[in-house]
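> Dropping a structure here in structure tokens format, bear with me for questions.
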Amino acid sequence: MQTLQTTSLRVVDNQLFILDQQALPQEKRWLSADSVPLLVEHIHALRVRGAPLIGLSASLLLALLAENGADRKTLAQSLETLRASRPTAVNLMNNLDRMKLTLAQEDFVPALVAEAQRLIEEDKALCDSIAQAGNTLVKPASRLLTHCNTGGLATAGVGTALGVIALAHQQGKVTNVWVDETRPLLQGGRLTAWELGELGVPYQLITDSMAASLMAKGQVDAIWVGADRIAANGDVANKIGTYSLAVLAKFHGIPFYVAAPQTTLDPSCPNGEAIPIEQRAAAEVTGVAGSFGAVQWAPENAQVYNPAFDVTPASLISGWVLDSGVVTPEQVTAGFFAR
Ligand code: MRU
């Protein structure tokens with residue numbers, strides 16, 4: 001495969017490398033991801049993360065394994081192992097469905113390579129289209145709030161919600177971005193803060209619990225988040241804490257936008273209740289760990305509830321910003337996502 005480079009994926013000499021998103025922003029460390037167990041471990045540890053990126057990394061690895069001589073049976077088994085690596089983001093399943101169809105072709109090696117490269121190029125284009133569509137909704141002098149990380153780190157392109165914010169900033173429309181730190185794994189505090197800093201977008205980092213009082217004070221003009229899966233009725237699974245922002249936005253009369261590519265749509269999933277929600281390790285809540293080490297503050301035997309995602313009902317969403325344009329609540333009620 002040709003050399004390939006995105007913000008957080010790299011292919012050199014037919015080997016896959018990932019930018020370790022657990023080490024950022026303290027350290028910019030590229031790690032090898034050239035076997036299925038290695039990539040699955042990186043995905044579990046959220047060194048590779050973000051709905052589009054996990055699908056793209058899995059597809060690239062399959063193509064590289066094929067090029068490096070793996071047979072069809074091994075590739076089919078690898079594909080299913082990768083598919084099971086995280087349950088909530090449907091981009092992984094959607095990308096791997098395309099790779100599975102390609103694997104059935106007679107000349108599957110070049111076909112898999114071409115398909116993985118196509119998925120990367122498509123994701124870049126999807127991000128650009130989302131940014132263009134979302135930018136039409138951003139008003140001058142906007143103070144925006146975002147949650148988790150939806151930027152170049154999480155995609156092959158400019159990102160989804162963060163791509164919208166970056167484009168609006170380029171056009172001089174963004175006064176400030178409130179960045180939720182996004183407990184427990186701090187994707188906002190570590191990754192979104194870093195990306196906005198690199199892009200020169202003005203931001204202020206807040207703890208998740210500060211968002212409500214900012215809204216009450218009239219300091220938030222709109223909320224922009226990404227998605228891990230959009231069900232047929234428009235319900236959205238996204239990083240834990242998204243639902244509470246949507247409830248707060250409704251109470252304060254603030255627009256709440258979800259930005260996502262077509263690879264995040266799951267018309268076979270009737271509603272949010274049917275979206276599988278990943279439960280994660282207690283250690284993420286009893287303390288914090290990172291490139292700086294680990295600190296535990298809870299008692300040794302503390303019982304923990306730690307869902308990685310929550311579901312925001314369609315009734316709380318002002319607009320779904322896709323690569324194809326802005327989808328309105330009326331369109332969703334009429335069955336837009338069920339097709
Ligand atoms: O657990 P993560 O960090 O993979 O969760 C990421 C999110 O929830 C993002 O908002 C979502 O994947 C969209 S990324 C463009």
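Every residue gets a Cβ built from N, Cα and C, even glycine.
Caution: TrEMBL annotation is automatic and unverified by curators.
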> Given that TrEMBL lists Arg49, Gly50, Ala51, Gln187, Asn238, Lys239 as binding substrate, which residue among Arg10, Arg72, Arg83, Arg86 does it place in the same site?
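Looking at Arg10, Arg72, Arg83, Arg86, the one TrEMBL places in the substrate site next to Arg49, Gly50, Ala51, Gln187, Asn238, Lys239 is Arg86.
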> Over all shown protein chains, what is the count of other CB atoms within 10 A of the CB belonging to Arg86 (substrate binding site)?
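Summing over all protein chains shown, Arg86 (substrate binding site) has 24 other Cβ atoms within 10 Å.
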> Run through the Cβ atoms and count how many others sit within 10 Å of the one on Lys239 (substrate binding site).
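There are 27 such Cβ atoms around Lys239 (substrate binding site).
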> If you count Cβ atoms within 10 Å of the Cβ of Ala51 (substrate binding site), leaving out that atom itself, what do you get?
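Excluding its own Cβ, Ala51 (substrate binding site) sees 29 Cβ atoms within 10 Å.
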